[in-house]
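Student: Questions regarding the structure given below will be posed in turn.
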Amino acid sequence: MAHSQVAYLIPLTSNLKEDNSSPRITLSEGPNTIGRGNVSITDKRLSRKHITIITSTSGSASLSVEGTNPVVIRSSGDGDRKKVKPREEVSLTNNDLIELIPGHHFFKLVLLLSENNGENHNGSHERAAKKARKAEIHEEDDDSVEAIRRFVPPNEKLPSTFRLLNVNGLPDWANTSCVSINDVIEGEIVTAILSNYMVDLDWLMSACPKLANIPQVMVIHGEGDGRQEYIQRKKPANWILHKPRLPISFGTHHSKAIFLVYPRGVRVIVHTANLIHVDWNNKSQGLWMQDFPWKDDDKDPPKGCGFEGDLIDYLSVLKWPEFTASLPGRGNVKINAAFFKKFDYSDAMVRLIASVPGYHTGLNLRKWGHMKLRTILQESIFDREFRRSPLVYQFSSLGSLDEKWLAEFGASLSSGITEDKTPLGPGDPLIIWPTVEDVRCSLEGYGAGNAIPSPLKNVEKPFLKKYWAKWKADHSARGRAMPHIKTFTRYSDQKLAWFLLTSSNLSKAAWGALQKNNSQLMIRSYELGVLFLPSPIKTQDCKFSCTENNPSTTKAKKETKDEVEKGKLVTMTWQGDRDSPEIISFPVPYQLPPKPYSPKDVPWSWDRGYSKKDVYGQVWPR
């Protein structure tokens, strides 16, 4: 039976700072053995079973020394040091420091659950929530309704929208229609490709045990050399690691996607979370997925569609090492970019907007980054109400921007025409970005700021002041779940012209910058997003699924009625008839229209010091 995570150990450097090159160690309810295999550098002086930490859902923890060498505990309360000898046992409290000796390997204990009076509490998150509520200034707002309770789209409409990820520490209603990693990695998977930036293999295998039974798994990642070596040592034998080439300095592989091959078809998932615990449990994140059947070899192949072209173009650039998988009824098949042409994407409800590093010219100029988005929007027709309507840029890391590039980027996002061929015209953007108070009072306290990594020099550029808007999310109950989700949209009241869910932050590295009199687009990083447009909605007899056993739902869509009118994209707080077939509701987690900063609001930057204690009694930097 799976045990719930109740704590974790944070590796520390010799000067007791968080060691970001080593993964956090998840501690489950009951005994947890820690030893030589849990340190980033091999140290045979440590025992394989050096210590055992016993944790419980009540928030209690104890440590016993199993090896032949002692351990030093530094109390978080009074700072006292205590040497624990072999076979001795001591109690631990939250934020105690543990030193494994010899070798001086330091860890900090963080307890996730610290109270239990017989009810279903969510531990330290709930305690922190109570603290934060006392500090909050409650403002009357039309957006305060718990709109996420009503976000329950029917199955046939799910590919047309996206979903938020579950957040620990929120009431059950706040996770209505939200998903976890096990909700998407499910069923009889033959091959899996996991694309991401950060990968905590220990957490991933414990959070999603299904992965251990998949015959072939490839991880495409952006980790540094030290972390890559660690993952290489820890990974199952049948897993393949691949880090795509980065031809331009300061780029990353940042795309977050999952491709699952089934006997019936393929599942494509595009999301915003790193493969680490905090991203899938504590933050505001988004995810889109759709299943696609195999093409029927006995019939004329379906005409190529935009989604297929987007996907194959992107996968081809990754150049992963080709491998072979055994597929039921199909024998041994080579898994490369061309393999993904074998599926029928004609019912795809989104377009892919990808970035790949390079100096893109000619036909490639409009294939990637913000120029790809510009091209698709220029070919799209929107309602007249979106003429000169505002834009939202919402993300979790801010690059070094200048006004010239921001205008270039805005020109792409302002593209599009109405039915009478009138351009939509430029829209005024607002940048949704957490304030210092948002981070201080968040579910993670100042710790959430680690995942909002923008320095003061980028945040405090004077020209940005007019763009700042608050992360306000009462209707989704995510005001205290700091955003790692990235979204860009154009809106009018609670209607959306289009909506983009993406891995791209607001930076030239992610979106690209035009050069050489606009004849070249320079991009540093790999990114991937899905663009939702008001496409015509098709009436479907059934929805294809890779995992449903009911035959009526596992066949490709039959020929049915003509297309109904063009879809209308709306937010969760839109007041109207949601049962209309053309209405597609989006769980936009933040308030629209966004609320601009007040004079007292200070945008978060992670290299500034903050002495006012957060909900855990911590200051920043810790």
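Cβ coordinates are placed from backbone N, Cα and C, and glycine is handled just like the others.
Feature table excerpt (TrEMBL):
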type     : residues       : note
ACT_SITE : His254         : active site, nucleophile
ACT_SITE : His484         : active site, proton donor/acceptor
BINDING  : Lys256, Lys486 : substrate binding site
SITE     : Ser507         : site 'Interaction with DNA'
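Describe the structural context of each listed feature in the structure shown, including burial, neighbouring residues and relevant distances.
Tutor: Listed in sequence order, Tyr197, Gly222, Ser503, Ser504, Ala510, Ser525, Tyr526, Glu527 are the same-chain residues at least 6 apart in sequence whose CB falls under 8 Å from the CB of His254 (active site, nucleophile).
Residues within less than 8 Å, Cβ to Cβ, of His484 (active site, proton donor/acceptor) and separated from it by at least 6 positions along the same chain comprise Thr272, Ala273, Asn274, Asp279, Lys283, Ser284, Gln285, Ser396, Ala451.
Listed in sequence order, the residues of the same chain lying 6 or more apart from Lys256 (substrate binding site) and placing their CB within less than 8 Å of its CB are Ser195, Asn196, Tyr197, Val270, His271, Thr272, Ala273, Asn274, Ser503, Leu528.
Within 10 Å of the C-beta atom of Ser507 (site 'Interaction with DNA') sit 24 other C-beta atoms, taking all shown protein chains into account.
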Student: Counting only residues 6+ away in sequence within the same chain, which have a CB under 8 Å from the CB of Lys486 (substrate binding site)?
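Tutor: Thr272, Gln394, Phe395, Ser396, Leu501, Thr502, Ser503, Ser504, Asn505, Gly529 - these are the non-local Cβ neighbours of Lys486 (substrate binding site), listed in sequence order.
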